[in-house]
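For 110-131, 158-182, 194-213, 251-268, 275-296, 336-357, 412-432, 492-510, the entry in TrEMBL reads transmembrane segment.
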């Protein structure tokens, strides 16, 4: 009797799922998102959106932590001062109770701002462009703003409010470029080997992130002689990440490895939601206190994180970062240089990512364009404008969207699901911010594996295509920059193409010289004939 129960339940569930999918596909929602036309289903889009969100969820705390390092809107006025004394400027760089309290509030504001910008951007991408791409504040621009522009705790040349003004202006300029169709033309002129290698390069980049200690399983770390090396140590330097002792003895690394195996086995057996199961297993295990793999160790920081985690539900209102924009110090050389840098990264990096996601999803046609492309570019640019008004940096399409595409996401319902997950996360921030990096790392590695498949489409026998493609893939993880990889690949492609241009130019010059000589001979012959007639 028990043996026949599971098959009957499975068959019943499949029938219910099929009925639900058929019903939704016939509704206005199903027709608007073209579920049948793109050979997808409602439940498949939900799974894809959930997978994309879970691989993106790390950005909620990572982005807030990075931007909070700039100090945000906190200043000397927030510092606690001794009795009958005034706080000095160095109070922002030293432990100070008042300044730290301001930083904690700012970080909570930035968490809410990150979630809201990701939610709005993902909703817009799904509804307006009907594409399965999730959006959120991008890695790279946030570090540039925090550490190069504003500086650690405001020690840089540009204030936080001015930095947000620069991001706003850059977003507006990028939106205009997208609206005029220049961004689309730029994407089309990028050589095919560069476009293909972008996918593989981004895959290597995101896998490299997943292998590091701060956002991944911690397998690789810094080394003074070789720059990077195998770590996974039981004890590491919290500042540099270098191994102190116990190489390959990190309990969290081995737990993350189990999560990777769960994901791999699930994908091997074509089990839907395999990435979700791997992340959930590692996360739930890490929530158990008193173990070697706990995310809440018996320390002051661990106790504070666990105290916040137990709240489960928490809604935070943005107080300091929303509308924190100032143009008073905008017209300086440093501000304009920062603007050009962000615009350059946006033009190359985010355009490359968006186009790569379209390539992976199979949306790109023979002409090099894809359905919903124009609106996708506008949404991608417009989301930066929204994000800057909330207090975060460039909001763009995420490479983690490939996780949802791998789960079968083909319509905007995937992006809408991502937006809904971010909406829910506004109320469950304590839980979502407690997902450990070693739970996210394995999924990032698997994303890298999936994105490598486009390498087979590169003509490796053609050196003119192979070298630029290889340079593109190599520079992205090694320079920790997607934009650098694209620039390097395009530069090499142009350099190798100069030979063809020079040969064509020489052929043209030789041809023109022949025509000139021929014309000169004809003129000489005509002049000789006229002279002979005159003599006669």
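Glycine is treated like the rest: Cβ placed from N, Cα and C.
Looking at which of 110-131, 158-182, 275-296, 336-357 has the most CB pairs under 8 Å to the transmembrane segment (412-432), the answer is the stretch 110-131. Here the transmembrane segment (158-182) does not lie next to the transmembrane segment (275-296) in space: the count of CB pairs under 8 Å, restricted to residues six or more apart, is fewer than 3. Stretch with the most C-beta contacts under 8 angstroms to the transmembrane segment (275-296), considering only 194-213, 251-268, 492-510: 251-268. Beyond its flanks by at least six residues, the transmembrane segment (194-213) meets 139, 219-221, 231, 236, 241, 352-353, 355-356, 359-360, 399-400, 402, 437, 440-445, 447-452, 454-455, 457-458, 468-470, 472-477, 480, 482, 485-486, 489-490, 493 of its own chain at Cβ-Cβ distances under 8 Å.
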